[in-house]
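Below is one structure, written out as C-alpha cells; the observations come after it.
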C-alpha cells in the first residue's frame, strides 16, 4: 500500500523562494529545494481546494464552498499579454508586495501562476496554482502574484458582497486587517524586522 497522497498537491505546490532577482516567472527554488506542505500553508491562513475546473458551472463542491463561506460575487480574470489591457503595468502592480482588507479568493480554471506569501519569519513562500486549484489568501497577509513561464492564467474571482480589489502596498502594518492577521496567525516576528533594521 502506498502512502496517502493529498490530491490537492497535483494542482497546488509550495516552496521557499531564493533571493535571486532573475525573471519573476521562474520557479525560484532554493538550493537544495525546500517544499512547504499545504498544512503549513493552512497555519498561515492560506486555504486550498482541488476542484473540477472543466465543470465549474455545475460543480456541487464549488457551490457548497461558496455557500458556506458567503462568496456571493463571482467573475473571471484572464491574465496574458493578449487579454489584459496595460499588461506590463498590471503585472508590475500584481508583483508589488501588498495586502487586502478582505480575503483574496482565486480558482484557476485554465493556465497557472504563482502567489507568493510571507511566512511568520517574513520569508517568501511561492505557491504554484494550476488548473483545478483554488486558493484563499486571508485578509492582512502580505503577498504578490505573477504568471509563470507559460504566461497565462484564467481565474475565477470570488468575493463576499460587492468586490473591493484595493491593494495596500507594504508597509501597511497599521491597518486593522494586518493587526488581526498577526493576532490570528502568530506572526509576532514580523514586527521585529523594523527593530532589526534600525539596530
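In case you wondered, yes, glycine gets a Cβ from its N, Cα and C as well.
In sequence order, 142, 143, 144, 167, 168, 169, 170, 172 are the residues near residue 98 (Ni(2+) binding site), counting only same-chain partners six or more apart with C-beta under 8 A. Under the three-state DSSP scheme, residue 98 (Ni(2+) binding site) falls in the strand class. According to Swiss-Prot, the feature Ni(2+) binding site maps to 98, 100, 104, 143, an assignment based on sequence analysis.
The annotation Fe(2+) binding site is assigned in Swiss-Prot to 98, 100, 104, 143.
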Open item on the list: Cβ within 8 Å of the Ni(2+) site centroid (98, 100, 104, 143 excluded): which residues?
Closed with: 99, 137, 141, 142, 144, 167
- [ ] Give the number of CB atoms, excluding that of residue 104 (Ni(2+) binding site) itself, located within 10 Å of its CB.
- [x] 21
- [ ] Using Cβ-Cβ distances, find the residues under 8 Å from residue 100 (Ni(2+) binding site) that belong to the same chain and are at least 6 apart in sequence, listing them in sequence order.
- [x] 137, 139, 140, 164, 165, 166, 167, 168, 177
